[in-house]
Structure formats: C-alpha cells, structure tokens
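Trainee: Quick paste of what TrEMBL says about this protein:
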- Lys3, Gln4, Lys5, Ile6, Arg7, Arg131, Val132, Gly133, Phe134, Gly135, Gly136, Gly137, Phe138, Tyr139: ATP binding site (BINDING)
- Leu49, Glu54: substrate binding site (BINDING)
Amino acid sequence: MGKQKIRKDTLNQLKSLEEERRLQYNEDLLHQLMQTTEWHEAECIAITLSRPPELDTQLVIEAAWQVGKQVVIPYSGKNRLLSFFIYEPTTELELSSYGLLEPKNRLNPINKSDIDLIIVPGLAYASEGYRVGFGGGFYDRYLADYGGRTISLLYPFQLNRIVEDVVEPFDIAVEKLLIAAE
C-alpha cells in the first residue's frame, strides 16, 4: 500500500467518524497535550488552522492563548517551503491554493529558532513518529533543520503500522505522538 492509498483510507475514516466521538477525542488530546513538559515549557507554539474532517486545532490555539503562549501559523510558500507568522484573534486570513486558511499579512515571519513546539499535522503515523501527511513534503522540509520539540495529536485509527513500509529517506519523525483514548 502506497502513501496515496493510506491518505485516502485515513481521510475516509476521518470523514466517517461520529461527531460525538470526534469531540471526545479532541478533548482528550487537548488534556494530554496540556500535561506534557513540552507544552509547559513552550512560549511559542506553531500549529495549523485545521479544516474538517481533521482534529480541531482551534481548541489547542485557544488553550495556548489562555495561558499567554504565542501562537504561530504556517504559510505554504513557493518551492513548498513553510514560514510561520503570529496568529491572534484579529489576524486576517485568506484561503490558500491548498484550501488552507493562512495569514494574509506575511511581512514578519517568525524565526525558526523562536518556535519552541510544533504541533505537526498528519494523516497516518508509525509508532516511531514517521507520518504520512497531506502530500506536499512541507513539514519534512521545515523539520529537517528545526531544533525545537515536535508533537502530533492522533485519533486511535491514525496509528498505522503500514506507514513503516512507506518511510522515505527525507521523512522526518515527530518526537512524541499523543493518541486519543478509545
């Protein structure tokens, strides 16, 4: 099974997940995240603005704001390179060509070294932290020389042993996987 098939199958599982279960998973993952050393030590957290049927990242963003953390969100630029920008409730957003909400004002990117924790998105994961993302390689490129901490938040079915079979040399593992309780 290749990465495209893994993506398709996982997206179908995400789409068919009952809303009540999704909310339960989201709450559990937020609780788990807030218990980690990485969360407590981070002053600046990078995270995407999710879209259905993905995990709701707005919960994480609001929790970060409540405790005074700076939140930064990605912009997917030319050559499949990410840059991150401060995100606040008043930040103007625009829809990217990938269908993601991104910052409209991109004048002051955040230095990579100023980001303490990245919540790395993905669709399916191997237990070692390797992931199948959405297919652009944006995060693998960004993480290649990133020195901070990385965590991914998973629904139980997103942990998939088949991912181990499709790991490529340029794939970068996430340091910690938090998996919602069944």
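Using the three backbone atoms N, Cα and C, a Cβ is placed for every residue, glycine included.
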Trainee: In whole Å, how far is Glu54 (substrate binding site) from Lys3 (ATP binding site) when you measure between their Cα atoms?
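Mentor: Rounded to a whole number, the Cα-Cα distance is 18 Å.
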Trainee: Rounded to the nearest angstrom, how far is the Cα of Leu49 (substrate binding site) from the Cα of Arg7 (ATP binding site)?
Mentor: 19
Trainee: Inside 10 Å of the Cβ of Gly136 (ATP binding site), count up the other Cβ atoms and send me the figure.
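Mentor: There are 12 such Cβ atoms around Gly136 (ATP binding site).
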Trainee: Determine, to the nearest whole angstrom, how far the Cα atom of Phe134 (ATP binding site) is from the Cα atom of Glu54 (substrate binding site).
Mentor: 11
Trainee: Among Lys5, Val132, Gly136, Phe138, these being the binding-site residues, pick the one whose CA is nearest to that of Glu54 (substrate binding site).
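Mentor: Of the binding-site residues Lys5, Val132, Gly136, Phe138, Val132 has its Cα closest to that of Glu54 (substrate binding site).
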Trainee: Just to verify a number: CA distance, Gly136 (ATP binding site) to Leu49 (substrate binding site), in angstrom, no decimals.
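Mentor: With distance taken Cα to Cα, Leu49 (substrate binding site) is 17 Å from Gly136 (ATP binding site).
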Trainee: Would you please pick out, from the binding-site residues Lys5, Arg7, Glu54, the one with the fewest other Cβ atoms within 10 Å of its Cβ?
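Mentor: Selected from the binding-site residues Lys5, Arg7, Glu54 on minimum Cβ neighbours within 10 Å: Lys5.
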